[in-house]
């Protein structure tokens with residue numbers, strides 16, 4: 001304890017410019033403070049389930065100030081010294097369209113401990129005995145340095161922990177200890193994959209079709225509400241990824257689109273992992289103002305954040321401060337400043353509160369202190385921050401546990417969990433047939449707009465057919481041409497199948513989109529695979545008929561329409577099976593290197609057992625004949641194309657004797673296999 005007090009006293013002396021939290025309240029020149037005389041509309045919960053008694057109390061003070069006490073929250077002892085419960089949110093402009101009200105839900109967690117399985121046992125505690133709550137119409141932020149347990153706590157509250165994690169403690173939703181059903185909450189990952197070839201409105205509309213049951217026309221209003229809630233009206237008809245002569249959406253707008261995708265379900269609780277990830281200061285401020293507006297509709301917002309500016313920090317309602325899994329503070333935003341001051345670490349005047357918090361609890365700063373000490377002799381004092389971070393963390397944790405703020409949190413959790421409120425119900429899912437149809441139509445639209453999907457492959461197939469056709473042109477129809485024509489058909493089928501590997505990058509892009517949707521149960525594996533395969537049929541048929549026409553007439557196959565159509569359909573079936581193989585391997589590997597490597601090896605093995613280099617009956621039976629030669633689709637395609645050409649024909653042998661085309665074909669194939 002003497003070490004802790006000495007470190008605290010040393011930091012007080014090094015922060016002589018610091019002021020008390022009361023003087024740290026932002027002045028009226030900040031944008032997010034309301035002008036004198038302006039009043040904000042009280043938060044309404046018209047769509048919220050009815051509780052037994054009124055749990056939301058709104059007080060509008062004279063002079064434009066206001067404070068919100070949800071569920072008769074006990075006043076924070078630290079907060080009472082500052083004369084305000086939270087910073088007010090910015091007023092809506094005149095004439096603005098009021099967003100649809102959302103029925104929020106209270107979330108409370110008590111003694112929450114999360115362990116991650118190590119090499120031998122569950123020993124690594126990522127979150128340790130965390131207590132907190134989130135109320136409808138408010139923004140609760142989980143803040144801390146890297147690897148402090150922010151995302152793990154967020155996933156634990158939403159019920160999305162991996163199988164390698166174990167959770168101890170209680171999580172209550174509206175006073176009920178239960179998991180949130182499908183559609184009652186939304187979860188936005190730190191990094192989400194969007195479809196660049198769709199507009200914002202199209203992307204959200206297809207997302208609504210995948211998530212919600214009902215008829216198509218009923219989803220329009222849901223999409224428009226999500227666009228309005230995230231202030232995306234100016235970008236609704238713009239392509240997310242842009243195109244050759246138009247840029248795509250900025251990073252901030254893309255982030256808001258990913259949040260709007262979850263809003264189409266109208267969730268009661270919205271979890272967001274790092275909403276300000278990779279955003280500049282202006283985009284971050286716009287994002288938080290938008291989320292503040294969303295919270296004012298009644299939705300419960302819980303999200304993680306690493307660092308924020310002073311303006312963004314002022315928009316938070318409550319903060320949960322973590323370091324190494326330990327809860328250093330939970331309560332109103334301004335009360336956190338008082339907590340740090342009580343612990344002996346007041347925030348300097350010219351420093352952002354979030355910067356100050358992270359500076360005090362981030363152990364990585366110890367290395368910076370060590371580096372600065374080597375420069376102090378020659379360059380003077382480079383940093384006034386000289387405290388030991390480990391001591392600061394222990395001091396803040398001990399101060400919080402013994403403070404009245406922690407007791408107020410326990411009282412609030414007890415009040416939220418002592419009676420059960422309305423239970424959340426599942427909103428239903430779209431049927432499997434509907435999702436297959438939606439994915440098929442969406443993939444068709446994407447493939448038609450993305451030239452890398454099939455349009456580039458169409459050009460490559462045409463060039464391949466042109467090259468093979470010109471190499472094997474002018475064969476004639478004599479008996480000696482059978483061997484060469486067999487080689488031409490085999491090369492055309494085999495090389496065209498190998499060329500389909502060029503579609504692996506496009507398939508992996510679709511798989512990333514599927515993985516993002518599947519994590520929120522918007523899609524399923526079988527639904528995705530079936531939708532992708534069905535959507536590829538028109539493009540594969542276009543490739544088949546165009547390349548078949550070029551090859552068919554260049555090598556001089558029989559000029560009959562029925563034979564030509566059989567050739568096209570045979571080649572189409574071969575490419576379609578190959579397309580399914582590429583999709584299957586890419587879905588398993590989900591890596592471009594391993595997908596291409598495995599597909600190349602599969603095609604080489606199939607080519608060796610296709611009957612050209614050696615007939616099937618002569619192959620070694622254990623592996624090559626059974627089962628490889630029967631699995632290889634090259635075998636059936638080549639055999640069908642050759643029989644289509646030579647059955648019903650005959651060749652003269654000398655001046656008297658003739659043989660059928662089928663006999664000539666089998667003899668020549670056996671002759672080739674003996675060479």
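First residue shown is number 1, and so on along the chain.
Any Cβ shown, glycine's included, is placed from N, Cα and C.
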34-60, 61-87 - the one TrEMBL records as region 'Disordered'
61-87
If you look at how TrEMBL annotates this chain, which of 400-423, 424-447, 592-615 comes out as transmembrane segment?
592-615
Looking at 367-386, 567-586, 627-646, which stretch does TrEMBL describe as transmembrane segment?
567-586
Integer mean pLDDT for the domain 'ABC transporter' (107-349):
87
Beyond a gap of at least 6 residues from its ends, the CB atoms lying under 8 Å from the transmembrane segment (526-555) belong to 432, 435-444, 447, 453-454, 457-458, 461-462, 464-466, 468-470, 472-473, 475, 485, 488, 492, 496, 507, 510, 514, 518, 564, 567-568, 571-572, 575-576, 579-580, 583-584, 587
